[in-house]
């Protein structure tokens, strides 16, 4: 009889509550959350897609170097851009306003670099993917720009807007993965996990019902985050 091999524990190399919630949608709860503190400054003339995958790789490999036990590490980085121009992860209301003005009435792209590492017996196996979604905003009035830039939701978001928030009212067109815009392309994530031997059916049957794991996630963010 073929021996059944249990899933390796999943580690999320991110401090993003949204990514935790996205994984929960597909019934995956990380065993650990280990944010990777890396320099996210773009290199000179670096393009959006290469930046996203470079940062995702950097996060994954840093966390992989910090752990000893066999695990699967999921890391991602999301970059928004108008053409070749990378939009910042807004940290101020003025940056939010700048980003919203840039995308008003135009198509822009959201890239998420995905890097998943299977660490087993000190051997690393990689799966990497860059996913692109195209978004078009309607032409925004000054009133709409000023109103949105006064909200908190664009702060700390790639491109200065939260697509699943009020900004959704501005979208006239989306081509590609919606979960990619939010920070983690779920289709590609599941495909990569499966290719690394992760048994999705085992995870939904067992891991997602572990209340202690859910409590760990909630405690990490200081409030309940999994519904």
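Glycine too: its Cβ is placed from the backbone N, Cα and C atoms.
If you check Swiss-Prot, you get these features:
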- 77: active site, proton acceptor (ACT_SITE)
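Counting only same-chain residues at least 6 apart in sequence, those with a Cβ under 8 Å from the Cβ of the residue listed as 'active site, proton acceptor' are 40, 51, 52, 53, 55, 56, 59, 112, 113. Classification of the residue listed as 'active site, proton acceptor' by DSSP places it within a strand.
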